[in-house]
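Q: Handing you a structure now.
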Amino acid sequence: MSSVSVPPPKCLQKPLSVPHRHMFGPGPSNVPPRILEAGANPVIGHMHPEIFEIMSDIKSGVQYMFQTQNSMTLAVSGTGHTAMECAIFNTVEPGENVLTAVNGIWGERAAEMAERIGARINTIVAPPGGFFTNVEIEQALSKYRPVLFFLAHGESSTGVLHPLDGIGQLCHKYNCLFLVDSVASMGGAPLYMDQQGIDILYTGSQKVLNAPPGTAPISFSERACQKIFNRRTKPVSFFLDLSCLVSCRQELIITSHHYISNSVAEYFHAGLESMGLKLFVKEKKARLPTVTTIVAPHGYDWKEITTYIMKTHNLEISGGLGPSVGMVLRVGLMGCNSSKANVDMVLAALKDALKHCHKSKV
């Protein structure tokens, strides 16, 4: 037998060392000790009776979190992108019309996912920081007659919290399913799946829920299930085929709602304005409380600001994403990170950065 030609890497011969950082970007967020400890529980078999009890508990927790009685409620293994694909791949067939609300990157990505499986894509577009009226949405529903309408409740790329009331009823009026992305808002802003007529709702574990990345809670209404289980064709993904997923639910650590985010966000916004910084989303009612977008300070390089804050304060904030690149700084205050003490920490770091980073005279 030949000798081993690839030696064991020296980096794996020493213990893993991960630094502690203040995770105040748009996600992931810091994970509390209680949840880290839960993740250290023993691994047991996926067919053991205890697993079925755990999965039932998870389903109940997600139903509470989403405020729904939907039977088809589970946690998918994967990120929010996985849940987005699970929703679209199961409900849409080639040639069907899909309508996406694009006021940031997540509407763009939903449209691309639907396009890749052969759907006919229609969009309504608002500028970064904007949102849609129910009148505009109904006009698009009437014009395009889609089988699915996608809307991001919390658009983390622009910091918009989109109003939801009345949209579900409009979708049902036009025999359309209402799909809502709540990855950046669930647990940080009020959301009531059944009351608001949402047919498919999903979120991610790594933001306001303060759990490790890789789990995506999702729920389907009875109307959505009727569409899914009466398809003419199989979903393009075997892994995300709902008929298989319903028997393969994964574990999720459920944390309580953190609607305290609203008051903390208001405190943060007031602090920013007192420093002379401007908020990107002009209308207060449309500001996402979990991810604040700040107009990039004039004369500064936003990358220098975020790099300085990370290096000097061990604190993460981010620049823009998609249509907001170069326009904003993004600060996430989610779950256990949503406190006035952490706001003061971020404000002090920003003030320090503006003092020490280079400002052009232009």
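Note that Cβ sites are derived from N, Cα and C of the backbone, with glycine treated the same way.
Remember, TrEMBL labels are computer predictions, not curated facts.
Grabbed the feature section from TrEMBL, which reads as follows:
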type: BINDING; residues: ARG330; note: substrate binding site
type: COMPBIAS; residues: 1-10; note: compositional bias 'Pro residues'
type: DOMAIN; residues: 43-228; note: domain 'Aminotransferase class V'
type: MOD_RES; residues: LYS207; note: N6-(pyridoxal phosphate)lysine
type: REGION; residues: 1-30; note: region 'Disordered'
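What's the neighbourhood like for these features in this structure?
A: Counting only same-chain residues six or more apart in sequence, the Cβ atoms lying under 8 angstroms from the Cβ of ARG330 (substrate binding site) belong to GLY25, PRO26, SER156, SER157, GLY159, VAL291, THR292, THR293, ILE294, ILE317, SER318, GLY319, GLY320, LEU321, SER324.
Listed in sequence order, PRO26, GLY27, PRO28, SER29, VAL183, ALA184, MET186, GLY187, GLY188, THR290, GLY332, MET334, GLY335 are the same-chain residues six or more apart from LYS207 (N6-(pyridoxal phosphate)lysine) with CB atoms under 8 A from its CB.
Broken down by DSSP into helix, strand and coil, the region 'Disordered' (1-30) contains 4 helix, 2 strand, 24 coil.
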Q: Would you mind listing the long-range same-chain contacts of the region 'Disordered' (1-30), meaning Cβ under 8 Å and 6+ residues beyond its ends?
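A: Residues 156, 183-184, 204, 206-208, 210, 212-213, 291, 310, 313-318, 321, 330-337, 342, 345-346.
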